[in-house]
C-alpha cells in the first residue's frame, strides 16, 4: 500500500505538462502501432471476410463477392451451431471457470500450509504441464487417453475394463486434459495474491475466533477478489481459443461430439475452403470473448473500493 | 538522466523498427530462383527423392538458376490447405507444385494454375502420356493445366495365410457383396481375434473413407454420386443407402475394426504396419500404392508381402457388369499462374517428369505409370508382384467429380458413414440427411433424384 502511494505522489508532477507529456507517449507508439496492425487488423479483416463468400479455391477465391448477412443466416440455421455453442460453454465453464480456477485456488491455499518440499514438488509437477508447448501437451494427453494409452494400462492393471476415452467420452478427456494443462496458471496467480494478504488481517480474524472456512470465505476471497476476476478473464479467453489440444486429441469427433467453435471455424475455413463462413464462426467466437471480457472488467471495477 | 537515456533508446528502437518495415525489399538476386512446393512425410519420401534428382539435373543444365525445394510435412488434407494458402498470394505462391488431381479444376477456377498448352506443344514427351491420364489435368475450358505423375487404383488386399487358416480357398475372388460378408463371417468364426474385412469409415480418415471404401460400394450399385452429363449431384439414391447398410453390417457384426479405431486418423498406419503383416487382419480395401509401404525402404518393411498378400478387384453389389469396381486418383505437377519465369518453370517440370525420373518415382511409390515408355519398362513391371493386377483395374475404375463443391460433398459422405458405424443414425436416416446436406451445399437445382 505504502509503496503504491509513493509512486502516485511522484507520478503527479505537473510542472511541464503538454509537450513533454506527449513526448512521453512516443515510446508507446510502436507498441500501439503493432497492436493495431497485428491484433485489430486481423479482427477487422475477419469481420469483413465474414460478409463475403471468400474461399480457398474455386471461382470465389479469385473474386470474392459481398454477400451481406448470408453467412450469418446460414450459421443460425446450421444444426451444428447449437451443439458447438453448447460444447464451447461446457468446455470453458468446465475446464477453465470450474476446473482450472478452483483447482488452482485449492492448490495455492493448501501449498501455504504444506511443507516446503511438498509445496515445491507439487508446484513443479503442476507447472511442468504448463511449460510444455501446446502441441506437445496435446500429444501427451492423446497418448494418455488413447485406446492403448497410459490410462487404460493403469486401469487394466487394476482389473477395470478398457474404455475408449477419446471415442466414448471425448469431452471428458478434453476437459481433464485442459485442466491438467492450465491449472498452473491459476495456481501461480493465486499464490502471488495470497502472499499479498497482510498477516495481521488473518491474525485478527484468528483472534476473533474465525475457523478455516470462515477465514477463506470472509477474509481471503474478498481480499483477492481482484486477482480472481483477472485470472478468470485470462483463463476464459485462453480456453475459448483452445484449438490444438482438441484438434490433436479428437479433431472434433466422433460425430461432432467435441467440435467447439474454434474447431468448427477451422473445419469450415480450411477443410472445406469456405473462408467467409469460417470467419463468420470466428466472429461469433470473438463476440463471445468480448461479452466475457466486458463482464469481468465490470467485476474488476466493482471489486475496487 | 537514466530515464532520458531510456527514452532515447526506445525512440531509436522505434525508428529502427519503422525504418526496417518501410525499407524496400532487397533487390532480386542475379540468379533466378524457382520455388518448388510438394509433400513429404516420414512414410512418403519418393517425391522428395524425385525433386532432389530433378534439381541436380536441372541446375547442371541451366547455369544461374537455383531450384529451391520446399517440402511441406503434412498429410494430404493439411498439405492441400497449406498449398491453397500459399497460392492465395503471388508473393508466397510457388513456381511449381504438387497438386492432387481432384483439386485441379477448382484451383484452375481460382486462377492458381498456369495454362500449359503452348508449352506442351513443344514437348515431345507429352505424346507418351496416356490419354486417360491427360484428362486429369484439364480445366473446365478444355485447356491443360497440370501434368500427371502417375495414377492409382483401389482393390481388396488380403492376407492369404489368414484366409487359408479360416478355410477360404485362395486366390480369393469375391463376386458379390454377399461373398465378402460370407468370407468375413467365416474368418470371424475361425478366429475371433482377427479383423476379417476392413473398410474405412468416418471423417478421421478423410478422403481415405470415400476413396478406399464408400465409393467402391456406391459405384458397384446402380447409383452414382454425380451425373457428369447433367452436371448434377445425385440424391435419393437407393445404392447410397445400400452402401451405408453394408458398412453398418460390417461394423455391427465386428467384421471390421471397432468404430473407435476407425475414427482414429492413424488407423491406416496400423493396417499397413501391424494388422496385415502380423496376420491380425484378413483383408482391407486399399490403393495400388500399398506395396510402397512394405517393399524395401518403405516405412513398414515386410519381406514376405509378395507371397503372403493377394489382391483382387472389389466386386459389384450383385455381381453385375463389369464385375469389379475401382477408384482412381493420382497427383500432378502444375505451374503457378503468377510465376515470373514460366518457361523455366515448365522446363523444370519436364525434367522432373522425364522418362528416367518418372520411372524411379513410379517404382518407389508404387504408382501406376502414365507414360507408355515407363509402363513398358522391364524394371517397372518387375517392381512388385502386383503391378499387373492393379494396372488391369484401370479398365473398371472411376474418378471423383472434380468440382469446387466436391470437398464439402465428400465430407457429407464421410459424415454419413460415421453416423452409421457409430450407430447414431440408421442408413436410411443418414442417407436422407446426406440428401439434405447436398441440397444445402449446391442448391436444389443442381441435384437430381434417382
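Residue positions begin at 1 at the first shown residue.
Backbone N, Cα and C atoms are what each Cβ position is placed from, and that goes for glycine too.
The feature transmembrane segment is assigned by TrEMBL to A:23-47 (among others).
Taken from TrEMBL, the feature transmembrane segment covers A:85-111 (among others).
Marked as domain 'ABC transmembrane type-1' by TrEMBL: A:86-298.
According to TrEMBL, the transmembrane segment annotation covers A:118-145 (among others). Using a Cβ-Cβ cut-off under 8 Å and counting only residues 6 or more beyond its ends in the same chain, the transmembrane segment (A:118-145) has close neighbours at 107, 111-112, 151, 165-166, 173, 176-177, 180-185, 187-188, 244-245, 247-249.
Taken from TrEMBL, the feature transmembrane segment applies to A:165-190 (among others).
Within the same chain, residues 88, 91-92, 95-97, 100-101, 134-135, 137-139, 141-142, 145, 166-167, 170, 173-174, 177-178, 181-182, 185-186, 189, 261-264, 266-267, 285, 288-289, 292-293, 296-297, 299-300 sit at least 6 positions outside the transmembrane segment (A:232-255) and bring their C-beta atoms closer than 8 Å to a C-beta of that stretch. Taken from TrEMBL, the feature transmembrane segment applies to A:232-255 (among others).
If you look up TrEMBL, you'll see A:275-297 (among others) marked as transmembrane segment. Listed as Cβ neighbours of the transmembrane segment (A:275-297) (distance under 8 Å, sequence separation of 6 or more from its ends, same chain) are residues 43, 46-47, 49-56, 60, 64, 67, 71-72, 74-75, 88, 229-230, 232-233, 236-237, 240-241, 261-262, 264-269.
Long-range contacts of the transmembrane segment (A:85-111) within the same chain: residues 119, 122-123, 126, 171, 174-176, 178-179, 182-191, 193-194, 216, 220, 228, 231-232, 235-236, 238-240, 242, 257-261, 285, 288, each at least 6 residues beyond the stretch ends and with a Cβ under 8 Å from a Cβ of the stretch.
Sequence-distant neighbours of the transmembrane segment (A:165-190) (same chain, 6+ residues past either end, Cβ-Cβ under 8 Å): 87, 90-91, 94-96, 99-101, 103-105, 107-109, 111, 123, 126-127, 129-132, 134, 137-138, 141-142, 144-147, 149, 151-152, 224, 227, 230-231, 234-235, 238-239, 242, 245-246, 249-250, 253-254, 257-258.
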